[in-house]
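Lifted from TrEMBL, the feature list:
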ACT_SITE  GLU281  active site, proton donor/acceptor
BINDING   PRO82, THR83, TYR84, ASP113, ARG156, ARG161, ASP194, ASP195, ASP196, HIS308, THR309, ARG310  UDP-alpha-D-glucuronate binding site
BINDING   ASP196  Mn(2+) binding site
CARBOHYD  ASN300  N-linked glycosylation site
REGION    311-335  region 'Disordered'
SITE      GLU227  site 'Interaction with galactose moiety of substrate glycoprotein'
SITE      GLN318  site 'Interaction with galactose moiety of substrate glycoprotein'
Amino acid sequence: MKLKLKNVFLAYFLVSIAGLLYALVQLGQPCDCLSPLRAAAEQLRQKDLRISQLQADLRRPPPAPAQPPEPEALPTIYVVTPTYARLVQKAELVRLSQTLSLVPRLHWLLVEDAEGPTPLVSGLLAASGLLFTHLAVLTPKAQRLREGEPGWVRPRGVEQRNRALDWLRSRGGAVAGEKDPPPPGTRGVVYFADDDNTYSRELFEEMRWTRGVSVWPVGLVGGLRFEGPRVQDGRVVGFHTAWEPNRPFPLDMAGFAVSLPLLLAKPNARFDATAPRGHLESSLLSHLVDPKDLEPRAANCTRVLVWHTRTEKPKTKQEEQLQRQGRGSDPAVEV
């Protein structure tokens, strides 16, 4: 055991001596330490330079935002709104007109279900500040809802929307003194906006550059939180709807817009008053485009920018009671 320890000690001593001799030899050699030091110094210099550049960028004022195009350069949005006389008509038209007033380059086609323009609607349009065309056409008696029928039994606003399409295609009976229909080739888009819906201003900018037929979701419709196209890789591949999903175009009237040149190029494209329930939109769109060619808007149809709201019918029992007593509200006061 002692011999083995002696051998280990001797080996350790010899290795230590060899290491010491190697270190002494190396002390006499030139040291190549400058290259790593120069590289480290260059890295520090580059970092200092980058920090200085960033500090200068922070002190520099931000660039001016890109100027939006002049309104004259924008395609015109033609908003078609059917309307009919009822107690809340003016309230709903005021709300809609004030939304539309926020949208540049817009032309409102307001079409009354009446034999002619009424003073209430004429006065509202004149005070709106909007570029407008005031039209009127009476719904035939056979197409009108009968007493007690729910609103979904018959399509409504058909004659009024078709009357607006006629105006867009030719002069044909617009109220005197208003702007002529757009000439062929005019850039623009046509949107059918009912007077009882709620619209975000963003929606109109989403539709403005429509090439054919653009689409988006509609909130609070069809018994669902929203209905709308399903989009994959930027293309419409189906529709989120609960009622008759196999319709050619299971869309709400508020869920699409059509380019004006396309409408002018398809003179037979109209709404069909005899279309089955829920097929009114399809009766027009089937003449214009294939479902696969629809243009999804509103972040690939993931944002709701229009809602299918309806104003509650006002309760007027007290008014009726006062009228029986001869003390009803002054009919000269427009509501």
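In case you wondered, yes, glycine gets a Cβ from its N, Cα and C as well.
The structure displayed is predicted, hence computed values, not measured ones.
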Protein Cβ atoms within 10 Å of TYR84 (UDP-alpha-D-glucuronate binding site), excluding its own: 15
Cα separation, TYR84 (UDP-alpha-D-glucuronate binding site) to the residue listed as 'active site, proton donor/acceptor' (Å, whole number): 20
Cα-nearest neighbour of GLU227 (site 'Interaction with galactose moiety of substrate glycoprotein') within the listed binding-site residues, PRO82, TYR84, ASP194, ASP196, THR309: THR309
Rounded inter-Cα distance in Å - ARG156 (UDP-alpha-D-glucuronate binding site), ASN300 (N-linked glycosylation site): 30
Pairwise CA distance, THR309 (UDP-alpha-D-glucuronate binding site) versus GLN318 (site 'Interaction with galactose moiety of substrate glycoprotein'), rounded so that it is a whole Å: 26
Alpha-carbon distance [GLN318 (site 'Interaction with galactose moiety of substrate glycoprotein'); ASP194 (UDP-alpha-D-glucuronate binding site)] in Å: 30
Alpha-carbon spacing, TYR84 (UDP-alpha-D-glucuronate binding site) to GLN318 (site 'Interaction with galactose moiety of substrate glycoprotein'), which is rounded to whole Å: 24
Listed binding-site residues (ASP194, ASP196), ranked by Cβ neighbours within 10 Å, top entry: ASP194
Among PRO82, ASP196, GLN318, which are recorded as recorded positions, the nearest neighbour of ASN300 (N-linked glycosylation site) by Cα: ASP196
Maximum Cα-Cα separation (Å), residues PRO82, THR83, TYR84, ASP113, ARG156, ARG161, ASP194, ASP195, ASP196, HIS308, THR309, ARG310 listed as binding UDP-alpha-D-glucuronate: 21
Distance from ASP196 (UDP-alpha-D-glucuronate binding site) back to GLN318 (site 'Interaction with galactose moiety of substrate glycoprotein'), taken between C-alpha atoms, in Å: 25
Recorded positions compared (GLU227, GLU281) - highest count of Cβ atoms within 10 Å: GLU227
Fewest other Cβ within 10 angstroms of its own Cβ, chosen from the recorded positions ASN300, THR309, GLN318: GLN318
